[in-house]
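Read the structure below first, then the notes.
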Amino acid sequence: MPTTIFNHSCLLLQLLSLFSFASIAFAINCFFYQFPGNNYFPEGSAGIGTSLLLMLAGCRLLLNNNHHLVKILQEILLFYIIMSLIAFTTNAVQFTPFSPIDRYIIAFENQLGISLPGIVSWTNHHPWFKNILGLCYDTLPYQLGFLPLLVIVAGQFEKIRRFFSLLLISSLIGFAIYYFFPTVAPATMYQTDEFAIEQLATGIKFNQLHQHIPPTTIQGGMVAFPSFHTFWAWYCLELMCGWPIAFSLLLIINTLLILSCVLLGWHYPLDILGAFLIIWLSNYLYISCNKYLPSLLRTVFPKLQTR
């Protein structure tokens, strides 16, 4: 297994990569396109970050750096930094200058005989099932906010660091795909009554932004391809490995959550396939980083071997 310092180096590389990508996207928009946009940072984010810093500083003064409480606060602060970076990147990639690829996705799915409006129509004719799917779909923000904290408080730091790495790698890949190959989601393309009104917001925001009109809504999500809901739900499920009851319950919820992405019309079926490919690629890159970065660091910085 890689040593602690090398794991930290992998995580630092992933943080810097996502930050650099977002910064470049912001710079391109600032100097060339100057699109207006939404702010996807949650309200009160600065206050939460300041509070965490003060709490960690106080604990470091009062307790040993190896104290369990100090380690917990360090991981919570790191979690805050990662989620803030993802929000920062979300703000950046909304300024993509490229044209949507939805029509190509629809054409490909038509070749396969897939009719998304027909799928959504079937769901609408089963309202009890639709309500269950909607409840499961809406759990993801709570999972992302609560489950990592639960794992941190339980002291499973190796598991949470893997979660952090996979979150960063998958976000970098997913946001890069969206930036160069953006989508406006099915509701905007099909324009049928089968889709909910709030699902039109994704396309409305995109079109307003690219006409230099400040978006009038922040609702409706942003990325269709690939499905962030899918790979984030997968990683939340992985966090529960080792806790059989919680894992079993979350397996049911997140299976329905992933199905709801298509059945409710938020995503194309191809978005789900893309998400599972990203899960595989992210895991491969995570393993490769932890395997090869240590030897590279030992070559470039021989003194690190002594730590």
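Positions of Cβ are set from backbone N, Cα and C atoms, glycine also.
Annotated in TrEMBL:
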- 104-284: domain 'Inositolphosphotransferase Aur1/Ipt1' (DOMAIN)
- 46-63: transmembrane segment (TRANSMEM)
- 75-93: transmembrane segment (TRANSMEM)
- 140-157: transmembrane segment (TRANSMEM)
- 164-181: transmembrane segment (TRANSMEM)
- 218-237: transmembrane segment (TRANSMEM)
- 244-266: transmembrane segment (TRANSMEM)
- 272-289: transmembrane segment (TRANSMEM)
Stretch with greatest number of CB pairs under 8 Å, the transmembrane segment (272-289) reference, 75-93, 164-181, 244-266 candidates: 164-181
Contact set, same chain, for the transmembrane segment (140-157): CB under 8 Å, 6 or more residues outside the stretch: 68, 71-72, 75-76, 79, 83, 163, 229, 232-233, 236, 239-240, 242, 250, 254, 257
Contacting positions for the transmembrane segment (164-181) when only residues 6+ beyond its ends and CB under 8 Å are counted: 10-11, 14-15, 17-18, 21-22, 25, 78-79, 82, 85-86, 89-90, 92-93, 96, 98, 101, 222-223, 225-226, 228, 231-232, 235, 238, 274-275, 278-279, 281-283, 285-286, 289
Same-chain residues at least 6 beyond the ends of the transmembrane segment (46-63) whose Cβ lies under 8 Å from its Cβ atoms: 69-70, 73-74, 76-77, 80, 84
